[in-house]
Amino acid sequence: MLLEVLLALVLGAVVLLVLRRSKAAVLKTEDGWWGAGSPPAGAEDESIRPFRVETSREEIEDLQRRIDQTRPVPSLEDSQFNYGFNSTYLQKVAAYWRNEFNWSKQVDKLNQYPHFKTKIEGIDVHYVHVKPKNLPEGRTAVPLIMVHGWPGSFYEFYGILPLLTEPANADDVAFEVICPSIPGYGFSEAPRKKGFNSVCAARVFLKLMRRLGFGRFYAQGGDWGWQITTNMAQLDPTAVKGLHINFAPVENVGPLVILSILLGRRFPGLFGFTELDVKRLYPRVEKMLVEPLKETGYFHIQATKPDTAGRGLNDSPVGLAAYILEKFSTWTDHEFRNLEDGGLERKFSLEDLLTNVMIYWTTGSITSSMRFYKENFAKGFYPPHARIPVTVPTGVAAFPNELMHTPKLWAKQKNHKLKTYTTMARGGHFAAMEEPGLMAQDIQKFIKVVEGKK
Ligand SMILES: *[C@@H]1O[C@H](CO)[C@@H](O)[C@H](O)[C@H]1NC(C)=O
Ligand SMILES: *[C@@H]1O[C@H](CO)[C@@H](O)[C@H](O)[C@H]1NC(C)=O
(Lines of atoms letter the chains of each structure in order from A and count residues from 1; the text may use other names and numbers.)
(Lines give C-alpha, C1' and ligand atoms only; values in the text may rest on other atoms or scores of the structure.)
(Ligands and ions follow the chains in the order given, each with its own letter.)
Protein backbone atom coordinates (compact mmCIF):
# COMPACT_ATOMS: atom_id res chain seq x y z
CA MET A 1 0.00 0.00 0.00
CA LEU A 2 2.71 2.46 1.00
CA LEU A 3 4.68 1.47 -2.03
CA GLU A 4 1.68 2.13 -4.23
CA VAL A 5 1.16 5.60 -2.76
CA LEU A 6 4.84 6.43 -3.20
CA LEU A 7 4.70 5.20 -6.77
CA ALA A 8 1.65 7.36 -7.34
CA LEU A 9 3.41 10.46 -6.04
CA VAL A 10 6.54 9.95 -8.13
CA LEU A 11 4.61 9.17 -11.29
CA GLY A 12 2.24 12.04 -10.60
CA ALA A 13 5.16 14.47 -10.54
CA VAL A 14 6.45 13.05 -13.81
CA VAL A 15 3.00 13.45 -15.35
CA LEU A 16 2.85 17.11 -14.37
CA LEU A 17 6.25 17.73 -15.93
CA VAL A 18 5.31 15.93 -19.13
CA LEU A 19 1.98 17.79 -19.37
CA ARG A 20 3.60 21.14 -18.79
CA ARG A 21 6.19 20.51 -21.47
CA SER A 22 3.76 19.28 -24.12
CA LYS A 23 1.25 22.08 -23.58
CA ALA A 24 3.12 24.63 -25.65
CA ALA A 25 3.55 22.40 -28.69
CA VAL A 26 1.59 23.03 -31.89
CA LEU A 27 1.47 20.63 -34.81
CA LYS A 28 3.40 21.83 -37.85
CA THR A 29 3.01 20.69 -41.42
CA GLU A 30 4.13 21.56 -44.92
CA ASP A 31 2.09 21.58 -48.12
CA GLY A 32 2.35 18.47 -50.26
CA TRP A 33 1.57 17.53 -53.84
CA TRP A 34 0.15 14.08 -54.54
CA GLY A 35 -0.59 13.96 -58.26
CA ALA A 36 1.34 11.84 -60.76
CA GLY A 37 4.75 13.07 -61.89
CA SER A 38 5.78 16.59 -61.05
CA PRO A 39 3.42 19.49 -60.28
CA PRO A 40 2.35 21.51 -63.32
CA ALA A 41 3.57 25.09 -63.56
CA GLY A 42 1.08 27.74 -62.50
CA ALA A 43 -1.67 27.85 -59.94
CA GLU A 44 -3.84 24.86 -59.08
CA ASP A 45 -7.36 24.73 -60.46
CA GLU A 46 -9.44 25.57 -57.40
CA SER A 47 -12.84 25.20 -58.97
CA ILE A 48 -15.56 23.23 -57.22
CA ARG A 49 -17.26 20.82 -59.60
CA PRO A 50 -20.62 19.12 -59.00
CA PHE A 51 -20.27 15.34 -59.14
CA ARG A 52 -22.78 12.54 -59.54
CA VAL A 53 -22.24 8.87 -58.83
CA GLU A 54 -22.88 6.91 -62.01
CA THR A 55 -23.03 3.33 -63.07
CA SER A 56 -23.31 1.42 -66.32
CA ARG A 57 -24.56 -1.90 -67.61
CA GLU A 58 -20.97 -3.05 -68.16
CA GLU A 59 -20.07 -2.29 -64.55
CA ILE A 60 -23.03 -4.28 -63.21
CA GLU A 61 -22.55 -7.18 -65.64
CA ASP A 62 -18.87 -7.42 -64.79
CA LEU A 63 -19.74 -7.53 -61.08
CA GLN A 64 -22.40 -10.21 -61.59
CA ARG A 65 -20.06 -12.35 -63.67
CA ARG A 66 -17.44 -12.23 -60.94
CA ILE A 67 -19.98 -13.07 -58.23
CA ASP A 68 -21.14 -16.03 -60.35
CA GLN A 69 -17.57 -17.26 -60.60
CA THR A 70 -16.76 -17.10 -56.91
CA ARG A 71 -15.08 -20.27 -55.55
CA PRO A 72 -16.45 -21.01 -52.08
CA VAL A 73 -14.17 -22.48 -49.44
CA PRO A 74 -16.30 -24.28 -46.82
CA SER A 75 -15.64 -23.00 -43.31
CA LEU A 76 -14.79 -25.39 -40.52
CA GLU A 77 -17.72 -26.90 -38.70
CA ASP A 78 -18.87 -24.80 -35.78
CA SER A 79 -16.32 -22.12 -36.44
CA GLN A 80 -18.91 -19.33 -36.69
CA PHE A 81 -17.02 -16.09 -37.42
CA ASN A 82 -13.94 -17.07 -35.44
CA TYR A 83 -11.86 -18.06 -38.44
CA GLY A 84 -13.17 -15.12 -40.42
CA PHE A 85 -16.36 -14.77 -42.44
CA ASN A 86 -18.48 -17.94 -42.37
CA SER A 87 -18.66 -19.43 -45.83
CA THR A 88 -22.28 -20.52 -45.71
CA TYR A 89 -23.43 -17.06 -44.77
CA LEU A 90 -21.08 -15.51 -47.30
CA GLN A 91 -22.88 -17.48 -50.03
CA LYS A 92 -26.13 -15.94 -48.82
CA VAL A 93 -24.65 -12.46 -48.99
CA ALA A 94 -23.32 -13.18 -52.48
CA ALA A 95 -26.72 -14.51 -53.62
CA TYR A 96 -28.45 -11.41 -52.24
CA TRP A 97 -25.89 -9.19 -53.95
CA ARG A 98 -26.27 -11.03 -57.25
CA ASN A 99 -30.06 -11.36 -57.33
CA GLU A 100 -31.68 -8.75 -55.14
CA PHE A 101 -29.30 -5.85 -54.56
CA ASN A 102 -30.01 -3.08 -57.05
CA TRP A 103 -26.95 -0.86 -57.48
CA SER A 104 -28.80 1.59 -59.76
CA LYS A 105 -31.28 2.20 -56.97
CA GLN A 106 -28.46 2.74 -54.47
CA VAL A 107 -26.74 5.12 -56.87
CA ASP A 108 -29.96 7.16 -56.90
CA LYS A 109 -29.89 7.10 -53.12
CA LEU A 110 -26.26 8.26 -53.04
CA ASN A 111 -27.19 11.09 -55.39
CA GLN A 112 -30.04 12.28 -53.18
CA TYR A 113 -27.45 14.61 -51.61
CA PRO A 114 -25.24 16.97 -53.62
CA HIS A 115 -21.73 15.68 -54.29
CA PHE A 116 -18.72 17.73 -55.37
CA LYS A 117 -15.07 17.37 -56.29
CA THR A 118 -12.27 19.88 -56.07
CA LYS A 119 -8.55 19.60 -56.58
CA ILE A 120 -6.33 19.99 -53.52
CA GLU A 121 -2.58 19.34 -53.50
CA GLY A 122 -2.81 17.72 -56.92
CA ILE A 123 -5.63 15.24 -56.30
CA ASP A 124 -9.41 15.35 -56.64
CA VAL A 125 -11.15 15.43 -53.28
CA HIS A 126 -14.76 14.23 -53.17
CA TYR A 127 -17.34 15.32 -50.62
CA VAL A 128 -21.05 15.42 -49.92
CA HIS A 129 -22.38 18.81 -48.84
CA VAL A 130 -25.81 18.96 -47.19
CA LYS A 131 -27.50 22.19 -46.10
CA PRO A 132 -30.71 22.48 -44.08
CA LYS A 133 -33.72 22.95 -46.33
CA ASN A 134 -36.11 24.52 -43.85
CA LEU A 135 -34.01 26.90 -41.80
CA PRO A 136 -36.28 29.31 -39.88
CA GLU A 137 -35.85 33.01 -40.58
CA GLY A 138 -32.88 34.55 -38.76
CA ARG A 139 -31.15 31.26 -37.97
CA THR A 140 -27.92 30.14 -39.53
CA ALA A 141 -26.64 26.61 -39.97
CA VAL A 142 -23.56 25.50 -38.08
CA PRO A 143 -20.87 24.00 -40.34
CA LEU A 144 -19.70 20.52 -39.41
CA ILE A 145 -17.24 18.24 -41.19
CA MET A 146 -17.72 14.50 -40.55
CA VAL A 147 -14.91 12.14 -41.46
CA HIS A 148 -15.29 8.38 -41.95
CA GLY A 149 -12.66 5.69 -41.43
CA TRP A 150 -11.66 2.25 -42.71
CA PRO A 151 -13.40 0.17 -44.05
CA GLY A 152 -16.19 2.72 -44.14
CA SER A 153 -17.11 5.64 -46.34
CA PHE A 154 -19.14 8.86 -46.46
CA TYR A 155 -22.17 6.57 -46.78
CA GLU A 156 -21.93 5.74 -43.05
CA PHE A 157 -23.38 9.22 -42.45
CA TYR A 158 -26.45 8.91 -44.68
CA GLY A 159 -28.64 7.96 -41.71
CA ILE A 160 -27.47 10.79 -39.48
CA LEU A 161 -27.45 13.53 -42.14
CA PRO A 162 -31.21 14.26 -42.00
CA LEU A 163 -31.12 14.22 -38.18
CA LEU A 164 -28.38 16.86 -38.12
CA THR A 165 -29.54 19.05 -40.98
CA GLU A 166 -33.28 18.94 -40.17
CA PRO A 167 -33.39 18.40 -36.37
CA ALA A 168 -36.81 17.62 -34.91
CA ASN A 169 -36.35 19.72 -31.73
CA ALA A 170 -36.84 23.45 -32.15
CA ASP A 171 -33.96 24.27 -29.79
CA ASP A 172 -31.51 21.95 -31.55
CA VAL A 173 -28.78 23.29 -33.79
CA ALA A 174 -29.27 22.82 -37.54
CA PHE A 175 -26.03 21.76 -39.17
CA GLU A 176 -24.62 22.22 -42.61
CA VAL A 177 -22.64 19.00 -43.03
CA ILE A 178 -19.64 18.21 -45.19
CA CYS A 179 -18.69 14.53 -45.52
CA PRO A 180 -15.49 14.11 -47.54
CA SER A 181 -13.96 10.87 -48.75
CA ILE A 182 -10.42 10.43 -47.43
CA PRO A 183 -8.01 10.61 -50.41
CA GLY A 184 -7.58 7.03 -51.64
CA TYR A 185 -11.09 6.09 -50.42
CA GLY A 186 -14.12 5.87 -52.70
CA PHE A 187 -14.55 8.85 -55.00
CA SER A 188 -11.55 10.84 -53.73
CA GLU A 189 -8.50 10.32 -55.90
CA ALA A 190 -5.68 8.22 -54.48
CA PRO A 191 -2.35 9.92 -53.80
CA ARG A 192 0.30 8.81 -56.32
CA LYS A 193 3.19 9.43 -54.00
CA LYS A 194 4.37 7.91 -50.76
CA GLY A 195 3.68 9.54 -47.43
CA PHE A 196 0.02 10.58 -47.45
CA ASN A 197 -0.88 10.16 -43.76
CA SER A 198 -3.56 11.46 -41.39
CA VAL A 199 -1.82 14.82 -40.98
CA CYS A 200 -1.83 15.27 -44.78
CA ALA A 201 -5.52 14.34 -44.90
CA ALA A 202 -6.17 16.85 -42.09
CA ARG A 203 -4.32 19.59 -43.98
CA VAL A 204 -6.25 18.79 -47.17
CA PHE A 205 -9.60 18.92 -45.34
CA LEU A 206 -8.67 22.23 -43.66
CA LYS A 207 -8.02 23.59 -47.14
CA LEU A 208 -11.33 22.16 -48.31
CA MET A 209 -13.24 23.90 -45.51
CA ARG A 210 -11.42 27.17 -46.19
CA ARG A 211 -12.23 26.88 -49.89
CA LEU A 212 -15.90 26.41 -48.98
CA GLY A 213 -15.73 29.65 -47.00
CA PHE A 214 -15.83 28.21 -43.49
CA GLY A 215 -13.46 30.15 -41.24
CA ARG A 216 -14.65 28.28 -38.15
CA PHE A 217 -16.47 24.98 -37.97
CA TYR A 218 -16.99 21.82 -35.95
CA ALA A 219 -15.40 18.47 -36.75
CA GLN A 220 -16.59 14.94 -35.98
CA GLY A 221 -14.94 11.58 -36.53
CA GLY A 222 -14.44 7.95 -35.54
CA ASP A 223 -11.79 5.43 -36.65
CA TRP A 224 -9.36 7.25 -39.00
CA GLY A 225 -11.87 10.08 -38.97
CA TRP A 226 -10.98 10.53 -35.29
CA GLN A 227 -7.28 10.79 -36.13
CA ILE A 228 -7.84 13.14 -39.06
CA THR A 229 -10.23 15.51 -37.26
CA THR A 230 -7.94 15.47 -34.21
CA ASN A 231 -5.02 16.43 -36.45
CA MET A 232 -7.16 19.22 -37.96
CA ALA A 233 -7.69 20.62 -34.45
CA GLN A 234 -3.96 20.33 -33.74
CA LEU A 235 -2.96 22.02 -37.00
CA ASP A 236 -5.44 24.88 -36.79
CA PRO A 237 -7.09 25.27 -33.37
CA THR A 238 -8.57 28.59 -34.44
CA ALA A 239 -10.51 27.01 -37.31
CA VAL A 240 -11.87 24.02 -35.41
CA LYS A 241 -14.43 25.40 -32.98
CA GLY A 242 -15.03 22.03 -31.40
CA LEU A 243 -14.12 18.40 -31.93
CA HIS A 244 -16.55 15.53 -31.35
CA ILE A 245 -15.09 12.03 -31.49
CA ASN A 246 -16.54 8.57 -31.02
CA PHE A 247 -13.17 6.82 -30.87
CA ALA A 248 -10.42 8.05 -28.60
CA PRO A 249 -7.63 5.51 -28.26
CA VAL A 250 -4.80 6.59 -26.00
CA GLU A 251 -1.87 7.65 -28.14
CA ASN A 252 0.47 8.80 -25.44
CA VAL A 253 0.47 6.16 -22.75
CA GLY A 254 1.89 8.42 -20.05
CA PRO A 255 2.64 7.60 -16.42
CA LEU A 256 -0.85 8.60 -15.25
CA VAL A 257 -2.48 6.20 -17.67
CA ILE A 258 -0.14 3.40 -16.64
CA LEU A 259 -0.78 4.17 -13.00
CA SER A 260 -4.53 4.14 -13.54
CA ILE A 261 -4.28 0.76 -15.26
CA LEU A 262 -2.24 -0.64 -12.37
CA LEU A 263 -4.29 0.81 -9.53
CA GLY A 264 -7.65 1.65 -11.10
CA ARG A 265 -9.30 -1.59 -10.18
CA ARG A 266 -8.44 -1.27 -6.48
CA PHE A 267 -8.79 2.51 -6.25
CA PRO A 268 -11.22 3.49 -9.00
CA GLY A 269 -12.16 6.74 -7.24
CA LEU A 270 -8.56 7.95 -7.43
CA PHE A 271 -8.80 8.06 -11.22
CA GLY A 272 -12.44 9.03 -11.56
CA PHE A 273 -13.24 5.55 -12.88
CA THR A 274 -16.90 4.66 -12.78
CA GLU A 275 -18.14 1.15 -12.08
CA LEU A 276 -18.72 0.88 -15.80
CA ASP A 277 -15.13 1.91 -16.56
CA VAL A 278 -13.86 -0.85 -14.30
CA LYS A 279 -16.18 -3.38 -15.87
CA ARG A 280 -15.21 -2.48 -19.41
CA LEU A 281 -11.53 -2.00 -18.77
CA TYR A 282 -10.42 -4.90 -16.69
CA PRO A 283 -11.56 -8.01 -18.47
CA ARG A 284 -9.93 -6.48 -21.51
CA VAL A 285 -6.71 -5.36 -19.84
CA GLU A 286 -6.13 -8.93 -18.70
CA LYS A 287 -6.54 -10.10 -22.23
CA MET A 288 -4.40 -7.24 -23.47
CA LEU A 289 -1.79 -9.50 -25.02
CA VAL A 290 -4.19 -12.00 -26.58
CA GLU A 291 -7.00 -9.86 -28.02
CA PRO A 292 -4.76 -7.66 -30.19
CA LEU A 293 -3.28 -10.76 -31.79
CA LYS A 294 -6.74 -12.11 -32.54
CA GLU A 295 -8.17 -8.96 -34.07
CA THR A 296 -5.34 -6.92 -35.55
CA GLY A 297 -3.87 -9.13 -38.26
CA TYR A 298 -5.46 -6.92 -40.93
CA PHE A 299 -3.68 -3.98 -39.37
CA HIS A 300 -0.24 -5.54 -39.64
CA ILE A 301 -0.81 -6.51 -43.28
CA GLN A 302 -2.09 -3.07 -44.19
CA ALA A 303 0.69 -1.30 -42.34
CA THR A 304 3.32 -3.39 -44.13
CA LYS A 305 2.33 -4.86 -47.55
CA PRO A 306 -1.05 -3.36 -48.51
CA ASP A 307 -0.53 -3.74 -52.25
CA THR A 308 -0.15 -7.53 -52.17
CA ALA A 309 -3.37 -8.41 -50.33
CA GLY A 310 -5.15 -5.49 -51.95
CA ARG A 311 -4.71 -6.95 -55.43
CA GLY A 312 -6.77 -10.05 -54.65
CA LEU A 313 -9.52 -8.00 -53.01
CA ASN A 314 -9.68 -5.68 -55.99
CA ASP A 315 -10.24 -8.69 -58.30
CA SER A 316 -12.89 -10.49 -56.28
CA PRO A 317 -16.10 -8.82 -55.12
CA VAL A 318 -17.00 -11.70 -52.79
CA GLY A 319 -13.51 -11.63 -51.24
CA LEU A 320 -13.80 -7.87 -50.83
CA ALA A 321 -17.21 -8.16 -49.17
CA ALA A 322 -15.87 -10.79 -46.74
CA TYR A 323 -12.86 -8.64 -45.88
CA ILE A 324 -14.89 -5.47 -45.29
CA LEU A 325 -18.02 -6.95 -43.71
CA GLU A 326 -16.11 -9.11 -41.24
CA LYS A 327 -15.14 -5.80 -39.63
CA PHE A 328 -18.76 -4.58 -39.58
CA SER A 329 -19.56 -7.77 -37.66
CA THR A 330 -16.73 -7.98 -35.14
CA TRP A 331 -16.30 -4.25 -34.56
CA THR A 332 -20.01 -3.82 -33.91
CA ASP A 333 -19.96 -6.48 -31.22
CA HIS A 334 -17.15 -8.94 -30.43
CA GLU A 335 -19.77 -11.49 -29.39
CA PHE A 336 -20.95 -11.59 -32.99
CA ARG A 337 -17.92 -13.79 -33.71
CA ASN A 338 -19.94 -16.62 -32.21
CA LEU A 339 -22.80 -16.37 -34.71
CA GLU A 340 -22.92 -18.03 -38.11
CA ASP A 341 -24.11 -14.81 -39.75
CA GLY A 342 -21.78 -12.59 -37.72
CA GLY A 343 -24.85 -10.74 -36.44
CA LEU A 344 -24.54 -8.43 -39.43
CA GLU A 345 -28.23 -8.01 -40.07
CA ARG A 346 -29.01 -7.36 -36.41
CA LYS A 347 -27.73 -3.83 -36.72
CA PHE A 348 -27.50 -3.14 -40.44
CA SER A 349 -29.29 -4.06 -43.65
CA LEU A 350 -27.42 -5.98 -46.34
CA GLU A 351 -28.46 -3.22 -48.71
CA ASP A 352 -26.57 -0.59 -46.69
CA LEU A 353 -23.60 -2.86 -46.02
CA LEU A 354 -23.21 -3.75 -49.70
CA THR A 355 -23.59 -0.11 -50.73
CA ASN A 356 -20.51 0.61 -48.64
CA VAL A 357 -18.71 -2.35 -50.25
CA MET A 358 -19.74 -1.08 -53.70
CA ILE A 359 -18.13 2.29 -52.98
CA TYR A 360 -14.81 0.42 -52.64
CA TRP A 361 -15.54 -2.00 -55.50
CA THR A 362 -16.63 0.42 -58.21
CA THR A 363 -13.81 2.87 -57.47
CA GLY A 364 -11.18 0.11 -57.12
CA SER A 365 -9.98 1.83 -53.97
CA ILE A 366 -9.42 -1.00 -51.48
CA THR A 367 -5.63 -1.04 -51.99
CA SER A 368 -5.20 2.71 -51.67
CA SER A 369 -7.47 2.67 -48.59
CA MET A 370 -5.25 0.02 -46.98
CA ARG A 371 -2.10 2.01 -47.71
CA PHE A 372 -3.28 4.65 -45.25
CA TYR A 373 -2.19 2.28 -42.46
CA LYS A 374 1.30 2.00 -43.85
CA GLU A 375 1.63 5.75 -44.25
CA ASN A 376 0.35 6.43 -40.74
CA PHE A 377 2.89 4.12 -39.17
CA ALA A 378 5.79 5.05 -41.41
CA LYS A 379 7.10 7.27 -38.64
CA GLY A 380 6.62 4.74 -35.85
CA PHE A 381 4.00 4.56 -33.13
CA TYR A 382 4.72 7.99 -31.66
CA PRO A 383 4.58 10.54 -34.44
CA PRO A 384 4.66 14.19 -33.29
CA HIS A 385 0.86 14.54 -33.32
CA ALA A 386 0.50 11.67 -30.83
CA ARG A 387 2.48 13.66 -28.28
CA ILE A 388 0.72 17.00 -28.75
CA PRO A 389 -2.49 17.75 -26.85
CA VAL A 390 -5.73 18.93 -28.39
CA THR A 391 -6.62 22.39 -27.12
CA VAL A 392 -10.01 22.93 -28.75
CA PRO A 393 -13.23 22.02 -26.88
CA THR A 394 -13.74 18.28 -27.26
CA GLY A 395 -16.64 15.90 -26.78
CA VAL A 396 -16.19 12.15 -26.49
CA ALA A 397 -19.02 9.69 -27.12
CA ALA A 398 -17.90 6.43 -25.50
CA PHE A 399 -19.87 3.59 -27.10
CA PRO A 400 -19.99 0.34 -25.10
CA ASN A 401 -18.83 -1.94 -27.92
CA GLU A 402 -16.05 0.29 -29.19
CA LEU A 403 -12.79 -1.53 -29.98
CA MET A 404 -11.17 -0.15 -26.88
CA HIS A 405 -12.68 1.64 -23.96
CA THR A 406 -11.28 5.05 -23.06
CA PRO A 407 -12.22 6.33 -19.58
CA LYS A 408 -12.67 10.06 -19.11
CA LEU A 409 -9.31 10.44 -17.36
CA TRP A 410 -7.49 9.00 -20.37
CA ALA A 411 -9.41 11.14 -22.84
CA LYS A 412 -8.44 14.20 -20.78
CA GLN A 413 -4.73 13.43 -21.11
CA LYS A 414 -5.01 14.24 -24.79
CA ASN A 415 -7.99 16.55 -24.95
CA HIS A 416 -7.26 19.28 -22.45
CA LYS A 417 -10.63 20.96 -22.93
CA LEU A 418 -12.86 17.93 -22.60
CA LYS A 419 -16.34 19.49 -22.44
CA THR A 420 -18.53 16.41 -22.63
CA TYR A 421 -17.87 12.73 -22.09
CA THR A 422 -20.91 10.55 -22.62
CA THR A 423 -21.25 6.90 -21.76
CA MET A 424 -23.49 5.86 -24.64
CA ALA A 425 -26.35 3.43 -24.10
CA ARG A 426 -25.50 1.10 -27.00
CA GLY A 427 -23.44 0.90 -30.15
CA GLY A 428 -20.03 -0.10 -31.47
CA HIS A 429 -17.31 1.09 -33.80
CA PHE A 430 -19.51 2.20 -36.72
CA ALA A 431 -21.60 4.29 -34.35
CA ALA A 432 -22.91 6.95 -36.74
CA MET A 433 -24.28 4.23 -39.02
CA GLU A 434 -25.45 1.88 -36.26
CA GLU A 435 -26.96 4.42 -33.86
CA PRO A 436 -27.54 7.64 -35.80
CA GLY A 437 -30.13 8.89 -33.30
CA LEU A 438 -27.88 8.50 -30.25
CA MET A 439 -24.94 10.00 -32.07
CA ALA A 440 -26.95 13.02 -33.28
CA GLN A 441 -28.18 13.59 -29.71
CA ASP A 442 -24.66 13.58 -28.33
CA ILE A 443 -23.40 15.97 -31.00
CA GLN A 444 -26.27 18.34 -30.09
CA LYS A 445 -25.42 18.06 -26.40
CA PHE A 446 -21.77 18.84 -27.08
CA ILE A 447 -22.47 21.82 -29.33
CA LYS A 448 -24.83 23.34 -26.77
CA VAL A 449 -22.17 23.09 -24.07
CA VAL A 450 -19.51 24.64 -26.30
CA GLU A 451 -21.82 27.43 -27.47
CA GLY A 452 -22.86 28.10 -23.88
CA LYS A 453 -26.53 27.24 -24.45
CA LYS A 454 -26.63 24.79 -21.57
C1 LIG B 1 -20.17 -22.06 -41.17
O2 LIG B 1 -19.97 -22.61 -42.46
C3 LIG B 1 -19.69 -24.01 -42.60
C4 LIG B 1 -19.74 -24.42 -44.05
O5 LIG B 1 -19.31 -23.44 -44.92
C6 LIG B 1 -20.51 -24.89 -41.73
O7 LIG B 1 -20.14 -26.22 -41.78
C8 LIG B 1 -20.49 -24.33 -40.32
O9 LIG B 1 -21.14 -25.20 -39.43
C10 LIG B 1 -21.10 -22.96 -40.40
N11 LIG B 1 -21.68 -22.48 -39.17
C12 LIG B 1 -21.11 -22.27 -37.99
C13 LIG B 1 -22.03 -21.84 -36.92
O14 LIG B 1 -19.94 -22.39 -37.77
C1 LIG C 1 -33.32 -0.90 -59.96
O2 LIG C 1 -33.41 0.48 -59.64
C3 LIG C 1 -33.64 1.31 -60.75
C4 LIG C 1 -33.48 2.75 -60.29
O5 LIG C 1 -34.23 3.02 -59.12
C6 LIG C 1 -35.00 1.00 -61.33
O7 LIG C 1 -35.23 1.83 -62.45
C8 LIG C 1 -35.03 -0.47 -61.74
O9 LIG C 1 -36.33 -0.82 -62.18
C10 LIG C 1 -34.64 -1.37 -60.58
N11 LIG C 1 -34.50 -2.73 -61.05
C12 LIG C 1 -35.12 -3.75 -60.50
C13 LIG C 1 -34.84 -5.08 -61.10
O14 LIG C 1 -35.88 -3.61 -59.56
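Cβ from N, Cα, C; glycine included.
Some features that TrEMBL has for this protein:
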type: SIGNAL; residues: 1-24; note: signal peptide
type: DOMAIN; residues: 48-157; note: domain 'Epoxide hydrolase N-terminal'
type: ACT_SITE; residues: ASP223; note: active site, nucleophile
type: ACT_SITE; residues: TYR373; note: active site, proton donor
type: ACT_SITE; residues: HIS429; note: active site, proton acceptor
Q. Cβ distance under 8 Å to the residue listed as 'active site, proton acceptor', same chain, sequence separation 6 or more: which residues?
A. GLY222, ASP223, PHE247, LYS327, TRP331, THR332, PHE399, ASN401, GLU402, LEU403
Q | Residues near the residue listed as 'active site, proton donor' in space but at least six apart in sequence (CB under 8 A) | A | TRP150, PHE299, GLN302, ALA303, PRO306
(Q) Just to be sure I understand, if DSSP states are collapsed into helix, strand and coil, how many residues of the domain 'Epoxide hydrolase N-terminal' (48-157) fall in each? (A) 37 helix, 26 strand, 47 coil
Q: Could you say whether, by DSSP, HIS429 (active site, proton acceptor) belongs to a helix, a strand or a coil region?
A: coil
Q: Using all protein chains in view, find how many other C-beta atoms are within 10 Å of the C-beta of the residue listed as 'active site, nucleophile'.
A: 23
